[in-house]
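A.B. asks: So Swiss-Prot has the following annotated:
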type	residues	note
BINDING	Cys15, Cys18, Cys37, Cys40	Zn(2+) binding site
BINDING	Pro121, Thr122, Gly123, Ser124, Gly125, Lys126, Thr127, Leu128	ATP binding site
DOMAIN	3-56	domain 'ClpX-type ZB'
Amino acid sequence: MPDKKGSADAKVLHCSFCNKSQHEVRKLIAGPSVFICDECIDLCNDIIREEAQATARAAIRSELPTPSEIKTFLDQYVIGQTLPKRMLAVAVYNHYKRIRHGEIKGDEVELSKSNIMLIGPTGSGKTLLAQTLARMLNVPFVMADATTLTEAGYVGEDVENIIQKLLQNCNYEVEKAQRAIIYIDEIDKISRKSDNPSITRDVSGEGVQQALLKLIEGTVASVPPQGGRKHPNQDFVQVDTTNILFIVGGAFDGLEKVIRDRTEKSGIGFSASVRAKSERGVGELFSEVEPEDLIKFGLIPELVGRLPVVATLDELDEAALVQILTEPKNSLIKQFQKLFAMEGAELDVRPGALKAIARKALKRKTGARGLRSIIEAALLDTMYDLPSQGNVSRVVLDENVIDSDGKPLLIYADEAAAPDKPARSQVRGAAA
């Protein structure tokens, strides 16, 4: 009898870590000469999870650039616009800091999202700012045109197509897509057409604003897999937009009149500063924009409330356009010089030509966006002939080529090898 009792006691197994018997725990898992209970497994999982979260937080902290570093990077590609760049840098830094904060469980303080609105004239750098931010942060980026959007059920793109395009850019990696930056251009073009209700439905104006509302605030969007059409009884890809940073931009033509009317009404009396309307530029007026101005312009109050960071961009003057032509890392002049270098020729753009290009862009009122077309037109014939000539060592672009539609001066590598002396002198005369 004692032998049987002893053998029974010997069969009771214990956890090798906490020493609890198999009767004290729910499950005991055996290994080579060791045992572990379910309680110890849960404890180990908690330890590993906490360490993984700490490592992830440290990685995000080390990868996330400071606002000053973000602005310094933007300075390399975007000329001027100091205040908008500072505002963007702080907003983007706080946004990704908010995402990191959300990963810490147990914190009672919930940080809300600060989406961004960029207001500025055509060609002032709104799109470039958003693209440069995404490139620096190494996050997915997608750009949408608000003018192509319509309410769901009508001909055109609905707002969920933006998320579908984002997923395509991320190869359908949902986790990656949920930390992206989405830039919606021409947001001013979907303003309410009229303050008065109409019997006809505004499917591309206020209707689109209402559709964008939940997307910008944060919702779970259902997107068809692999870009297919929506139909019943199919599985959808679920994308949470809570941590997606939305940047919207627009030229807002006519907003300056709304701001001017408001500010001039308040500037009445003996202490009011009297200034002619022509003295105040569009950029200066935009800097005084208030939410009520945007609502009067035609944006619905709910949408304005979900875009708390409003950055206004200045008009670009001649000096700024000359800087844009030469100073950024990927400036237009450097790009064309690279193209000519591939043909074995040096492109020499004189300072007078740079100013003439800037003046022509200002006259066309296209901002920085119109610079490329001016240079392309001036160099078209040269770029057409250069590959077949092969012995041109230098191309000189001066002021007369831009202002008088002349031809650039071609300098050949070998005077004796020049195909036609009179033709060369004619080219020189045209550029002189």
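Cβ from N, Cα, C; glycine included.
Quick caveat, the model's predicted, so the values are computed rather than measured.
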A.B. asks: Where the distance is taken from Cα to Cα, which of the binding-site residues Thr122, Gly125, Thr127 turns out closest to Cys15 (Zn(2+) binding site)?
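C.D. replies: Ranked by Cα distance from Cys15 (Zn(2+) binding site), first place goes to Thr127.
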A.B. asks: Round to a whole number and give the Cα-to-Cα distance in Å for the pair Gly123 (ATP binding site) and Cys40 (Zn(2+) binding site).
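C.D. replies: If we compare the Cα positions of Gly123 (ATP binding site) and Cys40 (Zn(2+) binding site), the gap is 62 Å.
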A.B. asks: Mind checking which of Ser124, Thr127 has the fewest other CB atoms within 10 A of its CB? They're the binding-site residues.
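C.D. replies: Taking Ser124, Thr127 as the binding-site residues, the minimal 10 Å Cβ count falls on Thr127.
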A.B. asks: Would you count the other C-beta atoms found within 10 angstroms of the C-beta of Cys40 (Zn(2+) binding site) for me?
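C.D. replies: By my count, 18.
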A.B. asks: Of all the binding-site residues given, Pro121, Gly123, Gly125, which residue's CB has the most CB neighbours within 10 A?
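C.D. replies: Answer returned by the neighbour count: Gly125.
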A.B. asks: Among the binding-site residues listed here, Cys15, Cys18, Cys37, Leu128, whose Cβ has the fewest other Cβ atoms inside 10 Å?
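C.D. replies: Minimum Cβ neighbour count within 10 Å, taken over the binding-site residues Cys15, Cys18, Cys37, Leu128, occurs at Cys18.
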A.B. asks: Take the C-alpha atoms of Gly125 (ATP binding site) and Cys40 (Zn(2+) binding site) and report the distance between them in angstrom, rounded.
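C.D. replies: Between the alpha carbons of Gly125 (ATP binding site) and Cys40 (Zn(2+) binding site) there are 58 Å.
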A.B. asks: If you skip the near sequence neighbours and keep only those at least six away, which residues in the chain come within under 8 angstroms of Lys126 (ATP binding site), Cβ to Cβ?
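C.D. replies: Within the chain, Lys126 (ATP binding site) has Cβ neighbours under 8 Å at Leu118, Gly120, Asp185, Gly249, Gly250, Leu313.
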A.B. asks: Let me know how many other Cβ atoms fall within 10 Å of the Cβ of Thr122 (ATP binding site).
C.D. replies: 15
A.B. asks: Quick check: which same-chain residues outside Pro121, Thr122, Gly123, Ser124, Gly125, Lys126, Thr127, Leu128 lie with their CB within 8 A of the centre of the ATP site CB atoms?
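C.D. replies: Near the ATP site, the remaining chain residues are Gly120, Gly249, Leu313, Gly367, Ala368, Arg369.
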A.B. asks: Express the distance between the Cα positions of Cys40 (Zn(2+) binding site) and Leu128 (ATP binding site) as a whole number of Å.
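C.D. replies: It is 54 Å, counting Cα to Cα.
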A.B. asks: For Cys18 (Zn(2+) binding site) and Leu128 (ATP binding site), what Cα-Cα distance in Å is obtained after rounding to a whole number?
C.D. replies: 60
A.B. asks: What other residues of this chain sit with their CB within 8 A of the center of the CB atoms of Cys15, Cys18, Cys37, Cys40, the recorded Zn(2+) site?
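C.D. replies: Apart from Cys15, Cys18, Cys37, Cys40, the close residues are Ser16, Phe17, Asn19, Lys20, Val25, Leu28, Phe35, Ile36, Asp38, Glu39, Ile41.
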